[in-house]
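A.B. asks: I'd like to ask you about the structure that follows.
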Amino acid sequence: MENSEGVKIESTVVTEEPLISALDIALFVVIITVAYFWYFKRDKQSSSSEKKPYTIQPSSLSSIEQTSNSSFIKKLKSTGRSLVVFYGSQTGTAEEFAGRIAKEGARYKMKGMVADPEECDMADLVEMKEIQKSLAIFCIATYGEGDPTDNAMDFYEWLQNGDADLEGLNYAVFGLGNKTYEHYNEIAIYIDQRLEELGATRVHEIGLGDDDANIEDDFVSWKEKLWESVCSHYGIEETGEESNIRQYKLVDCSEVLPERIFSGEISRLKSYENQRFPFDVKNPYLSKIAVNRELHKSGDRSCMHIEFDIDGSKMRYDTGDHVAVYPKNSSELVDKIGELLNADLDAVFSLLNTDEESSKKHPFPCPCTYRTALTYYLDITSNPRTHIMKELIEYASDPKDQEKLKLMASSTPEGKKEFHEWILRDNRNIVHILEDLPSVKPDLDHLCELLPRLQCRYYSISSSPKVYPKSIHITAVLVNYTTSTNRVNKGVATNLLAQLIPTNDELPQPTIPIYIRRSQFRLPPKSQTPIIMIGPGTGLAPFRGFIQERDYARKEGREIGEMVLYFGCRKKDEDFIYENELQEYVANGTLTKLHLAFSRDQPEKKYVTHLLEQNADELWNIIGEKSGHLYVCGDARSMAKDVHSIIVKVVMEKGQMTNSLALNYVKKMEQQKRYSADVWS
């Protein structure tokens, strides 16, 4: 701007025609500028290969460093290892199992490492044959509608789309699933078969863990036979008893500055003080609780309607999505551990991986206080697994306590029975174990290494963004129950939420970290498509959002299809949640039919499944004659299975099909997303 103004002034003062015009000067400047930038960019590119490896970037790795870190083959070769255990984990269990296998490898002269497939170049599997007596093990969970876990998605797609020659790769697969779900261990089964198709050698048959029964027992049984197969395949022998080798070493951080100490953040230090979009599993949004009200009218149970404020967060959700809530353990339980172990919970410490090649330097954000670790990062309320029993043996000073732990850690029938009865049936957590075995006094830092990570809890979103773009609603039953040892166990997330009551004054409102997880549970693209929704209890949650969205479309003047809802609860006067809302939707025509089952309002129990059987004509009219969609939300163990059986029966009878044809018809509905389930066990 200054130059152009200068040229104009000069042209008005000078009367003679200049040798070089303003246009010439402008063109000259442009040419020089372009030449300079072209030369600079070329020079920078030519020297980048030399400069990049030596650039230190504390917050992120350079592309060359990332490539180097992604090569698990290089790590295996440089450290003399022959065993790599990959995990596909959504809740941490598969990662835990992978760590246990890698640790045991030392007993069989196989030094192992754990690897996250998301951080590895899985195409390097073709080079495993270059490592003598090498073995790749995959601990793979299946979640959702037969989906791979987030961190195994790229590997799954690579197997599907690629045709790598994996001859010379030796492998074994253990799957983590739940038999109450239709797609039981589907991802693990696929990976096991696909690796063989690509030429790899299966060293041991696939293991299928069932989380609805006793996945720990399934894993231990499979693992024992795995090592027998490994010894046979490679001609090696076990070197002796497994020693309890620590994976992490304790570091005293008492001199660390307060601003460098984690206080509950999931990943980034001070992330709750300085929030940055986008928000995800490692960077949750600290949401204010806008509404927290009771839905049950009476009775001794509680069901909460909670609204999370997301105004200004840039977070977006779709009807049918899930919201993850990050809980924290009760201070009562945390204090109890400190008391039982006579430990200073406010001491600042860090756990550093003894394996320098591992990409996982700490088991959770460090440094922090023991109180922070036990409150935000560690699961102290679930049933500990057998490997924890094994690690606790050395800390028992009483021979009786020692023998009890040894028995529960063993894989004998007697040991499995004792573990099942004393831990699982009696629902003991680590606090209860330390109370009931008073001579067991583990080092607190070792206990922090052993305990699994505290996981976020997922809830079906019970609102539509069309109606509530600035808030997310959930419907949650308060979990409280008494165990056979007369202890009261409390749900970690729901009991925390029950305490977060917003106030009407100017005090800071309660907050909790959340993020949105996408779902495949979706309304049909066309609002005219008829739908049937089956959701007893809190299974109603996503359908509340569905109904809101269709009601919004109706008010906009759009045509909407039939909406039929099947809802059930115990008693109409106690736990008929959202009753007034539902009746209003019936009155205005958004909800075509509302079928209600109150199981305890009459001598004989009445459930939604009974109503489905009574309305076979209506069911077939919508899913058969009108090609409508059917949705199920709620208990996977019994309700969802019963609904599936009834649907198949209706298709057989009303569609005049054989059982085989009816099963294929329902299967096709599922493939076309016309039959969707959002269930839990």
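Start at 1 and count along the chain as shown; that gives each residue its number.
For all residues, glycine too, the Cβ spot is worked out from N, Cα and C.
Pulled from TrEMBL, these are the listed features:
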type: BINDING; residues: 89-94, 141-144, 176-185, D211; note: FMN binding site
type: BINDING; residues: R301, T538, S599, R600, K605, K606, Y607, V608, T609, D642; note: NADP(+) binding site
type: BINDING; residues: R457, Y458, Y459, S460, T475, A476, V477, Y481, G491, V492, A493, T494, W680; note: FAD binding site
type: DOMAIN; residues: 83-227; note: domain 'Flavodoxin-like'
type: DOMAIN; residues: 282-524; note: domain 'FAD-binding FR-type'
type: TRANSMEM; residues: 20-39; note: transmembrane segment
A.B. asks: Who sits close to G144 (FMN binding site): which same-chain residues at least 6 apart have their Cβ under 8 Å from its Cβ?
C.D. replies: S519, Q520
A.B. asks: Within a 10 Å radius around the Cβ, which one of these binding-site residues has the most neighbouring Cβ atoms: R301, R457, K605?
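C.D. replies: Counting every other Cβ within 10 Å of each candidate, the maximum falls on R457.
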A.B. asks: So how many other Cβ atoms are close to T609 (NADP(+) binding site), meaning within 10 Å of its Cβ?
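C.D. replies: Around T609 (NADP(+) binding site), other Cβ atoms within 10 Å: 20.
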A.B. asks: Please work out the number of neighbouring Cβ atoms within 10 Å of the Cβ of V477 (FAD binding site), leaving out its own Cβ.
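C.D. replies: The Cβ of V477 (FAD binding site) has 17 Cβ neighbours within 10 Å.
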A.B. asks: For the domain 'FAD-binding FR-type' (282-524), what's the model's average pLDDT?
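C.D. replies: Averaging the confidence scores along the domain 'FAD-binding FR-type' (282-524) gives 96.
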A.B. asks: Could you put numbers on the helix, strand and coil content of the domain 'Flavodoxin-like' (83-227), residue by residue per DSSP?
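C.D. replies: Going by DSSP assignments, the domain 'Flavodoxin-like' (83-227) contains 65 helix, 35 strand, 45 coil.
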A.B. asks: Could you tell me which of these binding-site residues, G92, G491, has the greatest number of Cβ atoms within 10 Å of its own Cβ?
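C.D. replies: The residue with the densest Cβ neighbourhood is G491.
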A.B. asks: May I ask for the distance between Y181 (FMN binding site) and T475 (FAD binding site), taken between their Cα atoms and rounded to an integer number of Å?
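C.D. replies: Taking the Cα atoms only, Y181 (FMN binding site) lies 22 Å from T475 (FAD binding site).
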A.B. asks: Please list, in sequence order, the residues in the chain of S599 (NADP(+) binding site) that are at least six apart in sequence and whose C-beta is under 8 Å away from its C-beta.
C.D. replies: G568, C569, R570, K605, K606, Y607
